[in-house]
Structure formats: C-alpha cells, structure tokens
Amino acid sequence: MSRVLLVTNDFPPRRGGIQSYLGEFVGRLVGSRAHAMTVYAPQWKGADAFDDAARAAGYRVVRHPSTVMLPGPTVDVRMRRLIAEHDIETVWFGAAAPLALLAPRARLAGASRVLASTHGHEVGWSMLPVARSVLRRIGDGTDVVTFVSSYTRSRFASAFGPAASLEYLPPGVDTDRFRPDPAARAELRKRYRLGERPTVVCLSRLVPRKGQDTLVTALPSIRRRVDGAALVIVGGGPYLETLRKLAHDCGVADHVTFTGGVATDELPAHHALADVFAMPCRTRGAGMDVEGLGIVFLEASAAGVPVIAGNSGGAPETVQHNKTGLVVDGRSVDRVADAVAELLIDRDRAVAMGAAGREWVTAQWRWDTLAAKLADFLRGDDAAR
C-alpha cells in the first residue's frame, strides 16, 4: 500500500468543481485499499464533521488554520512535517498552480514522486508572462501533470515546458447517483409547479461565462415554438439578480424558476426533472475565462437527458454532437433557441439522445475507471503512460 499526501486548497466540505473532483478520487483511492491517504487542506465551515466522516472512511484530513494555503514557509513546514510523520512516498498537489511550486521541497522532505493536477484556471495563467514562468517551474519539478480536457492541454502544454509529463485525467460521473429517476422527476416537478410543461434545466454557478443569460433571452423565441416551455435555473452566484431582472425585461419572469443552491444529494434529481439540459457556455476575457470541461453535461447525460453545450473550451468534449446532444455557439441567442426548441419539439430524438448519453457515460466516464488510472500515476506504473 503506497502512502500519498494530497496538498490542496480545494477539498470538501467547501463546494466547487475541483473540490468534488478531488473528494471523489480520494474516496475511491481509499476504498480500493491500494493507497493510504492523508489530505492537507484549508479550514472551512463544517470541516469538523466532514473530517470525522473521513476518518471513519479510512483517511485523515489535516486542516491548515486559515482558509487559504499559499506556497510559502508556513505551508512548506507543515507539508514537510506530514511527509515525515506519515512516511509519505507520493505528494499529489490537487491544483498545480500555485501550490505545486513546493514540489522540490516535498522531495527534500522524502517524497519520491510528485503529481500535480490541472483543471482550467491554468489556461489563464499560461497567458501571463509571470504566471507562465510559475507553470514552467511546476512542469520541471513534478513527475506527472494531469489535465482534464484536450482543450486545456492544447492551451497550456507549452507553458509547462518540454520536461512535463502531461497525462489525461478528466472528472468522472457516479452513474449510480446520476440516473433516470421518474419518481424524483415527478417530485421536483410538483415542487416547482411545472406539471408536464416542456422544461429546460441549467445547473451551474451563476456567472456570465455559463450562459444562463442567453437561455433567458432565448426563452421568448422558444416559447413561440414550444407551448408552455419553462426554464429552471439551478445554482447560486453573483449573477442572480442580473438574471432575475433580465427575465422580467424579457417578459418571461413567470416562466423561469430560480431554485438557488441545492443540496448535493438533490443534484441528480434536478437533472432528472429536465427534458433538455442546456448550458450555452462561452469564452470570455480574451480567452482567460473559459470552460475547462463541464462535468454537468456528463451528469445530465448519465441521467438520460439530452444536452446542449456551448462551444467554449473543453465543453464540446462532453457531448457527442448529434448523438448525445448538440454543441452550439453559446454567444448566439438564435442558435441556442433553435437547438432547445428542436429537442423540446422532437421528443423521440431527445429521448434517443438521452439514452445514448447514458450509455456513453457509463462506458467511458465512471469514477472507478478513472480512479484506477490515477492510482497508476500515483504509483508511477509505466502501464499508465
């Protein structure tokens, strides 16, 4: 059993995509009994209860006293102490930038192998000269740098330098949790007073890049073609009031439901209530604000729902165009409206896409399959290359 230390700013109970990614992988690595895991992560509300549950599951979480960890002396000392105390063989930096700058220090403390994972924000880093030099140092100091999509790799590979060993490790989907669920669908449709109305769902943090504003603006056009069409926007974020005002200004406030943030255990049901899942994401900030992958599309597919994705970054990699869903220009209200209306009208095609999506995700995107690949990277098995 190899001994692994995960050093990360992003870990449950804090919510977010990276947090979920790391939490899912840690749970499966521990469950496989191939790795003894220790996690070093920041303090967060609810951490005590989470850490008790982690201990019961078979791994230890050590909390940094503040909510942010930087690659300075304080984190360095604590990390090296943990490496010594637990006789750590492999250090895994959950987000390469910036904490993986400590890779050489981890080796000095006794770690024989260092892995760093990327997610999407490194694309922005690669566009800034000083930040780009940080990525080069990380590439030089680690054994493996993982990436979540071919798109992100294409954008930042040169920044990590020729010495970096870049390996594909996307997020997975729990296909036992995310599945077609008629009972949950009926319950939530009753809660939100949707009845049998044709419904498009967008589940994501409410920020401009995700394209909820495009869906709201497209809804009048969709409703002219699809009687009773409704939009359910799931999630919280700084864009909420802007979206509420936009719905009012577009005359569709009565047909848009804002659920706010929902409990993690209710996320599968919110996918299941949809007839179509759409997130017309778009790239912003001259390419610095981009969708790294888009796990929500895969979760919707696992629930048997056809998906519509914007063509930002790695999002198209989560859709088999014209088979599991559609990829559209997320900047175009007309194209988004056409795609949504098309699938709401042609129910046979939509159902077939949903079934194909479920089959694809089950075959290619399960967490257990990807965790086995990560386990090889952590051990340094040549077969993983």
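One is the number of the first residue shown, and numbering goes on along the chain from there.
Note that Cβ sites are derived from N, Cα and C of the backbone, with glycine treated the same way.
What Swiss-Prot lists as GDP-alpha-D-mannose binding site is ARG205, LYS210, VAL262, GLU299, and the listing cites similarity to another entry. Sequence-distant contacts of GLU299 (GDP-alpha-D-mannose binding site), defined as residues of its own chain at least six apart whose C-beta falls under 8 angstroms from its C-beta, comprise VAL173, PHE178, LEU267, PRO268, HIS271.
Same-chain residues that are not part of ARG205, LYS210, VAL262, GLU299 yet have a Cβ within 8 Å of the Cβ center of the GDP-alpha-D-mannose site turn out to be CYS202, LEU203, SER204, VAL234, GLY235, LEU267, MET279, VAL296. The most crowded of the binding-site residues listed here (ARG205, LYS210) is LYS210, judged by how many other CB atoms sit within 10 Å of its own CB.
Classification of LYS210 (GDP-alpha-D-mannose binding site) by DSSP places it within a helix. Maximum C-alpha to C-alpha distance over the listed GDP-alpha-D-mannose-binding residues ARG205, LYS210, VAL262, GLU299 is 17 Å.
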